[in-house]
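Remarks on the structure that follows.
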Amino acid sequence: MGGNSINLQPVDSAQSLASTFSPIHEVIFVAIVCMGQFMTQTNIGVCLSPLDIVGDSFDVDDPGILSWFMAGYSLTVGTFILVSGRCGDLFGYRRMFIIGFCWIALWSLVAGLSVYSNYILFISARVFQGIGGALLMPNALALLGATYQPGKKKNMIFAIFGAASPNSALLGSVFGAIFSQLAWWPWTYWTQAIVALCCAALGLLVIPSIHHDTLFDKSFLGLLKALDALGGACGIGGLVLVNIAWNQAPILGWSEPYVYVLLIIGILSIAAFFHVEFRVAEHPLIPFHAFSRDVLVVLG
């Protein structure tokens with residue numbers, strides 16, 4: 001004012017982590033992070049196409065049991081993803097991402113070895129495999145989001161990540177069928193274990209450590225509050241029970257009392273989850289206050 005002009009200059013934004021990568025480093029980084037999506041979705045396809053072959057190896061032809069070969073994995077992926085993102089916030093995206101690969105490798109190995117045991121071990125291995133997938137998905141997205149600044153490149157990388165989902169499910173079905181028909185179905189899972197371990201090793205080399213400002217009370221009670229353990233238990237428990245009820249009802253019929261019991265308890269647990277998130281949790285897993293009208297329109 002008063003003849004004095006203010007010369008405003010644009011301020012350079014903070015340098016993104018991706019700008020420090022060499023071209024080869026960046027390609028490997030994106031490939032490994034996208035493998036998190038790939039491995040998660042592949043585990044659905046690898047069991048779908050050879051379902052009857054796997055069932056025959058266990059002398060199982062009951063549709064109710066066979067359905068759990070698929071449902072066990074999907075169940076834990078869809079439920080534990082509720083808390084795995086928070087684990088990444090607290091303990092580091094890179095760390096949880098690497099743990100996800102190692103977890104899938106371990107239970108893929110067990111799934112293959114279950115051929116020497118019984119279908120109960122196979123279903124259990126599939127259930128635990130899903131936890132690894134749940135760890136990979138949100139932390140892979142967080143790694144990409146924290147590494148790239150908004151712009152065309154970031155949009156392109158996220159598009160590649162999204163495209164990995166349908167393609168990996170399809171490739172999983174193809175390779176599952178090939179291994180089961182031409183070799184032996186356990187090699188489907190042992191190969192997955194090898195690939196997951198290789199991804200974990202490469203991830204340690206190419207994924208940078210991302211600084212976290214998240215601070216929480218390091219006591220056990222403080223950790224539970226930061227994780228929103230009560231909300232997580234209600235949410236996961238409710239989703240698991242409802243899914244079990246809906247999976248069993250078409251097979252056994254609604255005349256089975258325990259199906260009703262599981263469904264009712266599951267619905268009550270989900271209701272308790274919303275109560276905890278709105279009224280109790282200091283650090284809710286789902287910040288409902290962020291769901292503005294615009295956000296709801298986009299999600300809807």
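For all residues, glycine too, the Cβ spot is worked out from N, Cα and C.
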Where TrEMBL places transmembrane segment among the ranges 2-27, 158-183:
158-183
Should anything in the same chain at least six residues away from the transmembrane segment (158-183) have a Cβ under 8 Å from its Cβ atoms, list it; otherwise answer none.
30, 33-34, 37-50, 53-54, 140-141, 144, 191
For the transmembrane segment (65-85) and the transmembrane segment (222-246), decide whether they are in contact, meaning at least 3 CB pairs lie under 8 A, counting pairs 6 or more apart in sequence.
yes
How about the transmembrane segment (189-210) and the transmembrane segment (97-121): do they have 3 or more C-beta pairs under 8 A, pairs 6 or more apart in sequence?
yes
Which range wins on Cβ pairs under 8 Å with the transmembrane segment (222-246): 97-121, 127-146, 258-276?
258-276
